[in-house]
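Student: My structure is below; once you've seen it, I'll send some questions.
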Amino acid sequence: MIHDWLKESNYTVIFTGAGMSTESGLPDFRSTGHGLWTKQDPSQIASTEALNNNIDAFIDFYQTRVQHVKEYQPHKGHHVLADWEQRGIIQSIITQNVDGFHQEAGNRLVAELHGTLQKLHCQSCGEKYNSHEYIDRDYYCHCGGILRPSIVLFGETLPQQDFQMALAEAEKAELFIALGSSLSVTPANQFPLIAKDNGARLVIVNREPTELDKFADQVIHGRQIGDVLEEWNSF
Ligand code: APR
């Protein structure tokens with residue numbers, strides 16, 4: 001049925017969360033038993049508070065994540081989505097992920113709601129750096145300021161350009177497919193509802209139940225995203 005919806009839809013938007021990248025080897029945040037936030041309190045590590053008052057733990061945590069993003073790569077599910085954009089089967093991706101794997105796989109129209117680990121910027125002067133150049137050294141700018149990943153920390157506002165793009169895409173969607181997100185973090189989790197309110201069909205693919213399942217036209221639990229996308233890829 002969803003394969004038919006994909007064929008019928010003139011405007012399909014994909015929304016992804018950390019579950020999109022676990023098959024690449026990256027941990028997610030809330031998977032029962034092994035998500036990152038089941039072992040650490042995000043407010044102690046992924047917040048401006050941590051950046052200002054717990055800098056060693058902050059740098060340790062993000063140096064590891066930048067290292068992982070450098071070592072791992074997109075999996076078959078990312079490549080299906082890139083192929084679908086090329087062929088006009090989907091129009092865009094709205095992602096909460098900061099690994100850059102959608103762009104690495106070849107997708108061009110990607111709204112990164114929570115920024116990216118691929119870039120760093122200086123806390124003091126704002127100078128931008130490519131995180132891959134700074135993986136093995138102290139995170140300090142030429143000006144002496146602290147370099148931080150260009151991601152959105154808890155308590156910070158989302159990048160306006162990506163937010164506005166995501167809003168426009170959600171409003172245009174005829175089919176909106178959420179992949180690998182618990183849909184528990186605002187304002188990101190509003191986009192599936194905005195799409196639904198604008199007449200889209202909403203599909204949720206997630207190993208575990210999500211907070212928005214009750215609003216979906218179709219929900220798939222207990223399956224690996226890579227397998228589901230491969231199965232749908234029979235155009
Ligand atoms: N296939 C299908 N579902 C999966 C897979 C997989 N291979 N791997 C994990 N999942 C599911 C998990 O069951 C989980 O419910 O993906 C979901 C990921 O949810 P979260 O870990 O909450 O990640 P996400 O929704 O992206 O979190 C949103 O929270 O901490 C912030 O900024 C961070 O962007 C992140 C935001």
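Here the Cβ of each residue, glycine as well, is placed from N, Cα and C on the backbone.
Per TrEMBL, the features are:
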DOMAIN    1-235  domain 'Deacetylase sirtuin-type'
BINDING   Ala18, Thr22, Phe29, Arg30, Gln96, Val98, Asp99, His114, Ser181, Ser182, Asn206, Ile225  NAD(+) binding site
BINDING   Phe29, Val98, Asp99  nicotinamide binding site
ACT_SITE  His114  active site, proton acceptor
BINDING   Cys122, Cys125, Cys141, Cys143  Zn(2+) binding site
Student: Kindly point out which of the recorded positions Ala18, Phe29, Gln96, His114, Cys143, Ser181 have a C-beta less than 6 Å from some atom of ligand 1.
Tutor: Ala18, Phe29, Gln96, His114, Ser181
Student: Whose Cβ lies within 8 Å of the mean position of the Cβ atoms of Cys122, Cys125, Cys141, Cys143, the Zn(2+) site, other than those residues?
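Tutor: Here the non-site neighbours turn out to be Gln123, Ser124, Gly126, Glu127, His142, Gly144, Gly145, Leu147.
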Student: As a test of the contact definition, list every same-chain residue at least 6 positions from Gln96 (NAD(+) binding site) whose Cβ is closer than 8 Å to its Cβ.
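Tutor: Thr16, Gly17, Ala18, Leu113, His114, Ser181, Val185, Ala188 - these are the non-local Cβ neighbours of Gln96 (NAD(+) binding site), listed in sequence order.
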Student: If you measure every Cα to Cα distance among Ala18, Thr22, Phe29, Arg30, Gln96, Val98, Asp99, His114, Ser181, Ser182, Asn206, Ile225, the residues said to bind NAD(+), what is the biggest one in Å?
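Tutor: It comes out at 21 Å between the most distant Cα atoms.
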Student: Provide, as an integer number of angstrom, the distance between the C-alpha atoms of Cys143 (Zn(2+) binding site) and Asp99 (NAD(+) binding site).
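Tutor: That separation, Cα to Cα, works out to 27 Å.
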Student: Specify the count of other C-beta atoms within 10 Å of the C-beta of Cys125 (Zn(2+) binding site).
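Tutor: Looking across every protein chain shown, the total is 11.
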Student: Suppose we draw a 10 Å sphere around the Cβ of Ser181 (NAD(+) binding site). How many other Cβ atoms does it contain, all chains included?
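Tutor: Ser181 (NAD(+) binding site): 28 neighbouring Cβ atoms within 10 Å.
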